[in-house]
Amino acid sequence: MDPVVIFLVLAFPIASVYLLFYHKKRVGGLSSPPGPRGLPFIGNFFQLYKAPCIHEYLWNLSKKYGSLMTLHMGSVPILVVSSPKMAKEVLKTQDLIYCSRPRMTGMRKLSYDGLDVAFSTYSEHWRHVRKLCTLELFTQKRAQLCFRLVHEQEVSRMIVRLSETAAASKDVNAFECFSNLSTSIISRVAFGKRYDEDGIGKERLQRMLSEIDAMLAGIFVSDFFPMFGWIDRLSGMRARLDRTFKEMDMFYEELIDEHLKPNRPESPTEDLIDVMLKNKGSSCLLTMDSIKAILLNVFNGGTGTSATLLVWAMTALMRNQGVMKKAQEDIRRVIGRKGNVDEDDIQNLSYLRAVVKETMRLYPTGPLLIPRETMESSIIGEDKDHMYMIKPKTLVYVSMWAIGRDPEIWKNPMEFVPERFLERPDLNYKGQQFEYIPFGAGRRICAGIHLGVTTVELALANLLYTFDWEPPAGTRFEDIDDETLNGLTLQKKNALYIRPKKYICP
């Protein structure tokens, strides 16, 4: 049974008692930012739970309450940030106060109690792991020596499979196609194997990744109402989390054991497990559990986001045929009869790169950045007449969904217009300009930006160079929607099916 339903049934009598006897006292000094009124004890829990899409719901609320908005999930205060100015305050000016992470049940369990880089609280261990990621795992040198070869080989394999599909006049499930690509790339980069070959079961891996995503995004009653934590066990959520962790731990344990075998065949390039095992001997902070936790970040962060971004890019292009045609003409003009696009070509494809940037603006893979948690009290506000007090242990969500749709920042924000990024070539995703931070900013900016963006740019360039694209038989371009689902990543509600048609270069 749904744990939230159980909780609401049990909490209703308590909320009723609060309504009879609870009286809010006026507190001197600065107040919290405004926000929708919630029920005593429960707060805004029910409102958030019943929202079809939380990012849409919070965006609409921000239009009423402003760029700083307060909600409550039980006793836990939540701050929603919806403007570049306030995002800069949180992610840069006061980053040291706002740079920790909440200890949410799903994230804590699957990250081996916060031994990773994405979900860990701010600590000496996090600083060490972050340094490992930036100086060893995701360096420019490694990108050239290892990542490039993998990218180009796996994109080429995808194009071959799609050519067979085109010859048979069949439709393609875009997410399945792009998920296969990104999972193959990440698995080769991380542990030196293609996920659907070499004995690694495709079905097992996809099932595990799906469960991990569900548990990371899942609502655990104990996170917001500790006294009702037993509901997580009664509902089966805790048992499901434990099963997911056990399966994940076994999977990563097998991979690490293979790398530790003395008779393991030598590879011309190191994968990420090789690098971490080498660094493990020189640091007491890097344990086997730390390595597994980092693999969680690399695998779940790298596979789902790249595939999702490619789906949204193709969705936007199918819905905007003029943009599709312009992108194809530009790519085919630059590449000519070469036969494929490689990484060296990407720098010369300015319109393609603008398409990817515009996709990340209108359809950010993380509509709400991974929540932060304040480590101490903070004073923040748009101006001196609107200053607010933010309490310690406040959950902080920066809404990329709201910022990317703000008409005061973007002209015609609901339209897909890559040209806006050609007019501002300085606008990038490296966390410097706070009207556009799809990968976050500050200490917590994504460490694997280059790996993810290169995957998307190279794949999309080859998709547009090699094929023309049509909707399935019996449907029109106008039938393709852009409805979204709830979740940590911005998933498309209705699967995108498209039909490739091989382009013959004149």
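Every residue gets a Cβ built from N, Cα and C, even glycine.
For 3-23, the entry in Swiss-Prot reads transmembrane segment, with the evidence type sequence analysis.
What Swiss-Prot lists as site 'Substrate specificity' is Ala118 (among others), and the listing cites similarity to another entry. The DSSP secondary structure for Ala118 (site 'Substrate specificity') is coil. Taking all protein chains in view, 25 other C-beta atoms sit within 10 angstroms of the C-beta of Ala118 (site 'Substrate specificity').
According to Swiss-Prot, the site 'Substrate specificity' annotation covers Gly301 (among others). There are 24 other CB atoms within 10 A of the CB of Gly301 (site 'Substrate specificity'), with all protein chains counted.
DSSP gives Thr305 (site 'Substrate specificity') a helix state. In the structure as shown, the Cβ atom of Thr305 (site 'Substrate specificity') sits within 10 Å of 24 other Cβ atoms. Swiss-Prot lists Thr305 (among others) with the feature site 'Substrate specificity'.
Marked as region 'Substrate specificity' by Swiss-Prot on the basis of similarity to another entry: 365-370. Counting residues 6+ beyond its ends, the region 'Substrate specificity' (365-370) has Cβ neighbours under 8 Å at 54-55, 58, 101, 118-119, 304-305, 308-309, 312, 397-401, 437-438, 440, 444, 484, 488-490 in the same chain.
Proximity of Cys446 (heme binding site) to non-local residues of its own chain (separation of 6 or more, Cβ distance below 8 Å) is seen for Gly301, Phe439, Gly440, Gly452, given in sequence order. Summarising the annotation, Swiss-Prot assigns heme binding site to Cys446.
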Counts by DSSP class (helix H/G/I, strand E/B, coil) across the region 'Substrate specificity' (365-370): 0 helix, 1 strand, 5 coil
Rounded Cα-Cα span from Thr305 (site 'Substrate specificity') to Ala118 (site 'Substrate specificity'), Å: 14
